[in-house]
Amino acid sequence: MFAKLTALVSSGPSFPYTLGEAYGTAWGSWTHFKGKAKEDGAAVSIFKISAASKGDPKLQSARNGVKRLKMVRHPNILAFKDTMELDDKHETIIYVVTEPVTPLAEMLAELDVQGEARNEYLAMGLYHIAKAVGFLNNDCQLIHGNVCMRAVVVTPQLDWCLHAFDLLCEASGPPLGSSEPWPLAAGAWAIGSQYKAAEVGKADWSAVQQGPPWAVDAWGLGCLMHEAYAGQALARIEDLRSIDAIPKAVLPSYQRLLASQPSRRLNPTKLAEAPALKNSLVDTIAFLESLAVKDSAEKDLFFKRLPAALPALPAPVAQRKLLPMLASALEFGGAPAVALGALLQIGATLDADDFAARVVPALSKLFASNDRTIRRSLLESINSYGQHLGSAAVEEQVYPHVATGFTDSNAYLRELTLKSMLVLAPKLSQKTLNQSLLKYLAKLQVDEEAAIRANTTILLGNLAPHLGEAACRRVLLNAFTRALKDGFPPARVAGLKAMIATAERHLPEEAATRIVPAVAPLAIDPVPEVRQNALAVLDAFTAVLKAHTRKLDEAARAAAARADGSGAAAGGALGDGAGAPGTTWGAALGTSGLGWAMSSMGLAARGGGGGGGAVPGAMQGFGPGNAPAAAAAPAPASGGAAAAPAMASPPLQPGNAAARADGWDDGGAGDGWDGDGDMIALEDAAELAARERLNRPAARGAAMRPPAAPRGPPMRLPPPPAPPKRGAGAGGASADDLLGGSDGWDDGGGGGSPVSTASAASAFSSVSAGSATRSAAERARSAHVAVPGGGRGRGSGGRLGASRLGGGGAMKLNGAKLGAKKSDDLFDF
């Protein structure tokens with residue numbers, strides 16, 4: 001235990017990185033590992049070398065390489081991050097941590113690029129290494145010493161980088177008075193014999209020092225060129241004579257690099273400038289790398305031509321090299337907005353996961369740009385990348401910036417922002433939809449641009465499946481009916497089509513009270529397309545109402561069946577007389593005033609008396625199949641017109657005041673029931689004679705009064721208050737409407753004095769409860785039955801409701817025959 005504790009204390013600082021899988025190739029005695037930082041998990045590359053003795057020559061060369069790598073910075077030289085030398089189990093280990101890279105040989109096998117695209121990529125890599133070697137040789141006066149495929153690694157962006165600086169030294173030799181050996185001479189054992197130039201192979205270090213500083217490395221570049229095009233490591237120095245794999249355009253430069261005399265070898269800087277390594281890929285990358293020093297005219301010309309050049313470039317390079325460069329240039333303002341098209345063109349070649357990892361972060365940052373041209377390009381192209389955006393990215397990064405376009409002064413940007421919601425809105429939360437997006441859409445529906453108003457309605461129709469039930473009830477019909485009043489025909493068409501598209505979101509009650517009344521006027525719209533769509537909406541929602549009516553009828557029949565079953569059971573218990581009219585029906589009516597009104601309407605429409613057989617609360621009159629047996633058809637009066645046949649109860653109508661306000665009046669008295677020719681059959685000779693007698697006192701009074709102006713049409717009393725549009729009764733009609741519309745106590749749609757249910761009931765009860773000694777006149781006065789002087793059914797005239805309840809020639813009021821008495825004794829006006 002103490003031994004373990006001592007080892008733990010004496011081990012010193014721990015290595016803050018985790019070693020992963022080792023690559024198959026590395027330069028010299030190094031081992032190349034994949035790695036991650038323990039602190040944040042960032043990917044790194046870790047190079048490791050170890051030896052039993054601290055003074056081992058390979059450790060001396062490794063320390064030189066670490067020192068040189070720290071000091072040298074170049075885009076095509078491996079980026080240094082960290083280093084650590086540790087003593088572990090009687091051996092010394094040196095770790096070098098760099099940016100994540102892959103050995104060149106393994107990257108070429110992974111990319112598997114063939115044909116001309118492969119040659120272009122290899123030319124780009126050689127161009128990078130030539131620049132790095134030229135920088136060391138010409139600018140720094142240093143010699144790398146062993147340029148080859150193992151000394152080159154590739155970044156995730158497919159850039160070639162030079163490393164393996166163990167032999168890096170001054171081209172002029174060791175400084176005077178220095179006790180340290182010259183690294184190239186001390187570490188020459190690490191260079192493979194196939195890579196050694198003639199002077200190095202002979203260990204002629206004076207020739208190396210006196211020759212050009214690039215001579216040794218130029219030979220190494222020739223070896224690298226052969227390995228890259230051949231696709232394999234150089235086995236023998238004699239293999240350099242095989243030129244079958246070398247492209248003809250590069251062959252002259254290859255031969256000059258391998259010249260036998262050091263002074264005649266090609267300078268790497270000249271190689272980087274040679275036409276042999278120049279192609280469209282190299283030119284494109286070179287322009288992007290120097291974008292900061294280009295003027296706006298050059299940038300515009302370059303980015304306009306770039307989309308046409310992209311298909312000819314190697315796809316991996318475009319995805320992993322050009323894409324990040326374009327994204328960075330757009331983010332920091334170095335590229336114009338037209339560059340976004342090239343970025344999205346490259347992104348279209350990625351799969352969903354790569355797009356989300358490489359493109360979406362860049363686009364999310366671009367949405368925050370204040371440049372209108374970039375925002376416009378993003379919105380115009382949103383269909384090509386919108387499906388790859390995640391919900392979290394849209395909610396937190398994209399939508400807050402896109403929403404600013406709703407209030408932009410530019411109408412085109414407002415419209416593009418509106419259309420983008422078709423892609424983005426399904427990825428938003430319900431909170432954002434309700435509290436933000438719907439508010440913006442409400443403003444856009446009254447926008448000054450007609451096209452924006454129409455498109456707003458279309459968007460609402462498409463967003464209905466993504467809205468909650470409450471939001472649909474609150475927003476959709478209000479928005480669609482507003483669109484129906486728009487003066488722009490496409491906006492009206494959009495409202496009509498949106499209603500059909502969201503039909504399942506609307507209740508039958510809404511269809512009857514809101515949709516049909518709002519759409520019907522458009523059936524005569526002057527624009528043909530509006531008319532056609534209006535009729536389509538009416539047809540669709542009429543079918544909905546019919547289906548709803550069938551459901552109600554089925555429910556009513558089911559209720560009647562249940563009531564009949566319960567009545568039969570009661571009849572079996574109480575005897576045959578228990579099922580007589582007025583027994584179970586009257587008891588049921590005691591619990592529902594609406595049932596009484598509806599049933600009375602059915603009786604009045606048939607001119608029958610008595611009750612029974614109706615389902616309490618059912619919205620229908622008695623038909624021939626369910627009329628009570630006691631209510632036989634009355635015989636026609638002698639010498640009079642035939643009694644009216646039994647007819648179904650009329651449909652429920654909205655109140656008269658509401659009808660006038662909504663434009664549903666028929667142009668007559670305002671009640672929609674002007675035609676009364678069909679009522680003549682309900683009047684017989686006795687009723688007409690009684691009216692004549694009743695008019696006599698009025699005629700005698702008129703004769704005694706002084707002459708007046710010619711009498712005009714009958715005076716109408718003020719109409720009753722308009723019932724609310726959505727009352728408690730069926731179809732939105734109030735109880736007064738139901739009574740006044742079908743039981744004979746009609747207010748005439750604006751004339752006559754309506755008799756309420758309570759006053760009529762009290763009148764009838766007072767007449768029936770009176771003593772036998774009371775005269776018929778007193779009973780009539782207590783009933784307060786006003787018989788108008790002229791006309792039938794409307795205006796200041798109206799029939800006695802009681803006359804429709806009796807089938808004989810004399811009027812009846814609760815069983816008392818009034819026609820046999822003198823009219824002067826019966827009614828007092």
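Backbone N, Cα and C define each Cβ position, glycine as well.
Remember, TrEMBL labels are computer predictions, not curated facts.
Per TrEMBL, compositional bias 'Low complexity' is recorded for 626-650 (among others).
According to TrEMBL, the feature compositional bias 'Low complexity' maps to 696-706 (among others).
Positions annotated as compositional bias 'Pro residues' by TrEMBL: 707-724.
According to TrEMBL, the feature compositional bias 'Gly residues' maps to 741-753 (among others).
Residues or ranges marked as compositional bias 'Low complexity' by TrEMBL: 754-775 (among others).
Sequence annotations record features per position, and here TrEMBL assigns compositional bias 'Gly residues' to 788-810 (among others).
Residues annotated as domain 'Protein kinase' in TrEMBL: 17-277.
Under the heading region 'Disordered', TrEMBL lists 626-678 (among others).
The region 'Disordered' annotation in TrEMBL covers 695-817 (among others).
The repeat 'HEAT' feature in TrEMBL is assigned to 359-397 (among others). Mean pLDDT of the predicted structure over the repeat 'HEAT' (359-397): 86.
Residues annotated as repeat 'HEAT' in TrEMBL: 515-551 (among others).
Tertiary neighbourhood of the repeat 'HEAT' (515-551): same-chain residues 477, 481, 484, 489, 492-493, 496-497, 499-500, 503, 506, 508, 662-664, selected by CB-CB distance under 8 Å and a gap of 6+ residues from either end. Counted with DSSP, the repeat 'HEAT' (359-397) comes out as 30 helix, 0 strand, 9 coil. Counting residues per DSSP class in helix, strand and coil order gives 34 helix, 0 strand, 3 coil for the repeat 'HEAT' (515-551).
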